[in-house]
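Report on one structure; see the data block that follows.
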Amino acid sequence: MTDKYVVAIDQGTTSTRCIVFDRRGQLVSLAQQEHKQHFPRPGWVEHDAMEIWRNVERLAPRVLSRAGISLDQVAAVGIANQRETTVIWDRLTGIPVSRAIIWQDTRTDSLVHALASRPGASNISEISGLPLATYFSGPRLRWMLDNTPGLRERAERGEVICGTMETWLIWNLTGRAQHVTDVTNASRTMLLDVRSLDWSPRALDFFGIPRAMLPAVRPSIGGFGTASQGFPGVRIGAALGDQQAALFGQTCFTPGEAKCTYGTGSFLLLNTGTELVRPENGLLSTVAYQIAGAPAAYALEGSIAITGSLVQWFRDQLELISSAPEIETLARTVADNGGCYIVPAFSGLYAPYWRSEARGVIVGLTSYITKGHLARAVLEATAWQTREVVDAMNANSGLALTTLKVDGGMTADNLLMQMIADVLDVPLVRPLAVETVSLGAAYAAGLAVGYWPDLDGLRSNWHIAGQWMPAMDPAVRSAEYANWRRAVERTFDWIQPA
Amino acid sequence: MPGTVQAIERAAAILRTLAGGPGRLGLTEIARTLDLAKGTTHGILRTLQLVGFVEQDRVSGHYQLGGALLHLGTSYLDINELRSRSINWADPLAARSGEAVRIGTVLEGRVLVVHHVFRPDDTFQTLDVGALLPLHATALGKVLLAYRAGGPVPDLEPFTRLTLTDPRALATALEGVRDAGWASEIEEFLLGQAAVAAPIRGYGGLVVGAIGISGPVERICDSRYRPRAPLVAYVRDAARAISRDLGATR
C-alpha cells in the first residue's frame, strides 16, 4: 500500500508555497517561490497575478519530487491565500486586465472617505461585519471599475470577471472551469451578507459592483472541482483565507479558542462558534470556516497591518541587518529600548484604531540611541500591537485570554515571543507546526475528501512545541504600555484630506 | 622573508582579471591578459573551478567568478538565522521520533542550544534555548567536535562513569562519528538519558551546527543498548533537509 498525502498551496503576500503533509499533519516537503512586489506610487502595492499562477505551476512538480511521491498519492489539494487582494481578468483570454491590488494598498482612501458619508454606509458595516476601510476588496473593485475605461461595461456583460487569489488559482487549476470563492474570502469583500453567506444586493448596489463579475460563493470545506492544471486529477477540497486557515490549522474548533499568526502582518482570531458576535473596539467579525452541509463558524478578528514587514523594512530599506532573523541578534546587543518607540503605521493603523490617515513614527530619539535600540523597538512594536488587540478582544468577548496560541515565521524569534508573553502577562504556546496556514488548508482539504475522519482526529495531532512564560515587572509593563500609547497618538492625523 | 607561491599569485591574478572584466572571459583572453601559457592558465582555472571560485559557461566555455567566492565572507551563520531556517524540520523530527529536539552550535568550548522543540506529549517542559552543554558528553557536542578542524580539546569533565574522559577514547569516538555521519551519547551526561545527533551543513558543506533528539535510554536505545535505527534515520533526514535548505549540496 502506498501512503497518501495532502498538498497545501499557501499563496501569501511575499511568496507562494506548496507543502506536502502526512497523516500526522507533519511537513514532508516544501517548495517556495517569491514574487515581485510592485510599488508604483506611495501607498500602492500590486502583484502580477499571472506571475503567481506560473509560480504555482512551477512549484507543483517540485514539491512532489522533493517528497518523492507521485500525483496519485495526493489525496487532495487545499488553498490558503492572502486575503482581500483583488484581481480582474478577461474571461476568454484568462489575462488579468491589470495587476492585482493587494491588501496593503491604500489607494482607495479618498473613495472610502467619500463612500463613508453616503447614506447607507453604516448598514453596509452591519451587513458585512466590517468597518468601511481601504483594507477590504469591495472598494478596490469599485476603484478598478472607475479607473479603467470601458471596464464597467465589460463587467456588466460578463466579459471580465474578478476574484481574490483563491478564486484566481482555482479558476486556473480547473482549466478555467470553476469561478468560485469560499465564504471566508468572500467575507472580506464588504459585499457578502455575513449572515446569509451570499452576496448582498444592497452592498453590491452601494459599491456599484455588477453581480455578473463575481464568483459563486461556496463553503470553505467541500468541493471546488478537480484540478486539470498544476495537480491534474487531484480534487481541490478546500479554500480559506490564510488567517482562517491558521485558525483551522491550530485546531481552534471550539468557541473561545484563539490564535495569533505572526507574518507580514499579524492576525488574532477568536472562534465565536455559530454565533456572529457584534464587533466592537475596532475588531472585525468574519467567517472562520464552513464545512459543506453545516452552519458556518464565525470569528472575531484583530488585524495588525505591519509586524514582520517592519522587520523586512529594517532589513531592505534601512539595511541594518542582512537577514530577518538577525534582528534578534541585533536587539540582544542592548538591554532595553533606550526610550525609543517605533509605531509602524505605514498604511494607517488597523485594529483597534482603523485610522487610514495615520503614518509611522519613530519617537524618543536621542544621541544615546543605537541600531540595537531600534531593533528592539521594531520587535516591541509587534508585542505592543498584540497587547492592544488582546485588550480589545477581551473587552468585546467578555472573556479574559489565559494563553495565546502563536504560529507563523516570527515565532522563531525567541526574544519577540518572550516580549509578547511579558506584555500580555499570559503564557504563549507554539504548536508542533509553525506552518499553520498551510496546515489548516491541508486539514480542511483532507477533511473534505475523508483523508482525516473528523475534527477530533485533527485535534489529536496538536502538540505543544514551545512555551514562553511571562516574566516582566508589572510596574515596568504599565509604564512601557503608557509610553507606547503616547507614541501611537503621535501617528494620528498625519495625512490631510486632499 | 618567506618565499611566495607562484601558482597562488597567478590564481589571484586570474580572479582579479575575471572580477575586472566586463563579463565572461575566454581562456585565450585570460592567458593573453596575464601573459601566461594557455596550459598553465587552464590548469589554474580548472582548480579554481573545482573549489567553486570560478564557473565555466557550458555553451561558450567562457569563465566567470563562481558563487563560492561571493559567499566567502559570509560563511558565519547567525544563530537566530540557523534557528529560523531549521524550525520547519525540527518540528517533524519531534513528531516522528516522539522525543525532544535540540539544535546546537559551538560557543566558547561548549554547545550553545539555539533551538529546542518540546517532546510532543504535552507535559510541562521549559525552553532551554541559550543553555550551554559540554561538548564531549553530548551527542550534539560530539558532532560539533568531530567536524571542527583543529578546535581546542575541551576540558574532559566526568559527568557519569561512562563520560569519555580519556582524550584518546574521545578521538576514537570522534573518528567513528566522522565515519558514520552521526553521533550518539548513552548515559554519558545524565544517567538514564541517551541522545542521537547529526551535522547540519551550510554552504559548501561546512558544518554550522548539529541537530539531535534526546530522551530516556530505554526509548532511544534497543535491547542491545544501541540507538534504534529508525530514530537515527529520522535525525539524519532532518539534518540533511536543513543542510539542503542552507545550500550545502551544490
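Cβ coordinates are placed from backbone N, Cα and C, and glycine is handled just like the others.
Note: TrEMBL annotation is automatic and uncurated.
Every protein chain shown contributes to the tally, and the Cβ of A:Gly409 (ADP binding site) ends up with 19 other Cβ atoms within 10 Å. Among the features that TrEMBL reports, ADP binding site is placed at A:Thr13, A:Arg17, A:Thr264, A:Gly308, A:Gly409.
If you look up TrEMBL, you'll see A:Thr13, A:Thr14, A:Ser15, A:Thr264, A:Gly308, A:Gln312, A:Gly409 marked as ATP binding site. The Cβ of A:Thr14 (ATP binding site) has A:Glu34, A:His35, A:Gln37, A:Thr264, A:Gln312 as same-chain neighbours under 8 Å, each 6 or more residues away in sequence.
With a 10 A radius on its CB, A:Glu84 (sn-glycerol 3-phosphate binding site) counts 24 other CB atoms from all the protein chains. Annotation source TrEMBL lists sn-glycerol 3-phosphate binding site at A:Thr13, A:Arg83, A:Glu84, A:Tyr135, A:Asp242.
The annotation glycerol binding site is assigned in TrEMBL to A:Arg83, A:Glu84, A:Tyr135, A:Asp242, A:Gln243. According to DSSP, A:Arg83 (sn-glycerol 3-phosphate binding site) sits in a coil region rather than a helix or strand. Around A:Arg83 (sn-glycerol 3-phosphate binding site), taking its Cβ as the centre, 28 other Cβ atoms fall within 10 Å, counting all chains.
Taken from TrEMBL, the feature domain 'Carbohydrate kinase FGGY N-terminal' covers A:5-249.
Taken from TrEMBL, the feature domain 'Carbohydrate kinase FGGY C-terminal' covers A:258-448.
For the binding site of sn-glycerol 3-phosphate, formed by A:Thr13, A:Arg83, A:Glu84, A:Tyr135, A:Asp242 according to the record, the largest Cα to Cα distance is 15 Å, rounded to a whole number. Annotation for A:Asp242 (sn-glycerol 3-phosphate binding site): spatial neighbours A:Asp10, A:Gly12, A:Ala80, A:Asn81, A:Gln82, A:Arg83, A:Thr261, A:Gly263, A:Val437, criterion Cβ-Cβ under 8 Å with sequence separation of six or more. In this structure, the binding-site residues under consideration are A:Thr13, A:Gln243, A:Gln312, and the one with the smallest number of other Cβ atoms within 10 Å of its Cβ is A:Gln312. Proximity to chain B, defined as a C-beta distance under 8 Å, is registered for none of the binding-site residues A:Thr13, A:Tyr135, A:Thr264.
As a whole-number mean, the pLDDT of the domain 'Carbohydrate kinase FGGY C-terminal' (A:258-448) in this prediction is 92. Across the annotated binding residues for glycerol (A:Arg83, A:Glu84, A:Tyr135, A:Asp242, A:Gln243), the two most widely spaced Cα atoms sit 15 Å apart.
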